[in-house]
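Remarks on the structure that follows.
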Amino acid sequence: MSYQLYRNTTLGNTLQESLDELIQYGQITPQLAIKVLLQFDKSINTALATRVKSRLTFKAGKLNTYRFCDNVWTFMLNDVEFREVHEVAKMSVKKLLLQSGDWRQNCTRLCLCASIH
């Protein structure tokens, strides 16, 4: 199963807008656009699982709600501090999504919807 989580990123939105424009001008069919989006979903998930090696830790001031559905954790957090080696970012986060991968390979992908203070 490929997750559609990354369609709401800048890259995913731009791809969808480009495909819509191509459909509008009759350059491609809607069925081909759907195939392209499905391939994007597979490719972005594979690339993030195999190529990204950085580690990020975070600490939240408050956990408002959380849920686990379809192998995706959703956390609603406030006053969060993210740390990567020597860099620290403090944010007020509305939603944090963690997509569980193959835990034997310690693979977790992150999509963050945040606003910086």
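Any Cβ shown, glycine's included, is placed from N, Cα and C.
Fair warning: this is a prediction, and the values are worked out from it, not measured in the lab.
If you look up TrEMBL, you'll see 2-48 marked as domain 'Transcription initiation factor IIA gamma subunit N-terminal'. Per-residue pLDDT, averaged across the domain 'Transcription initiation factor IIA gamma subunit N-terminal' (2-48), gives 92.
Residues annotated as domain 'Transcription initiation factor IIA gamma subunit C-terminal' in TrEMBL: 61-89.
Broken down by DSSP into helix, strand and coil, the domain 'Transcription initiation factor IIA gamma subunit N-terminal' (2-48) contains 38 helix, 0 strand, 9 coil.
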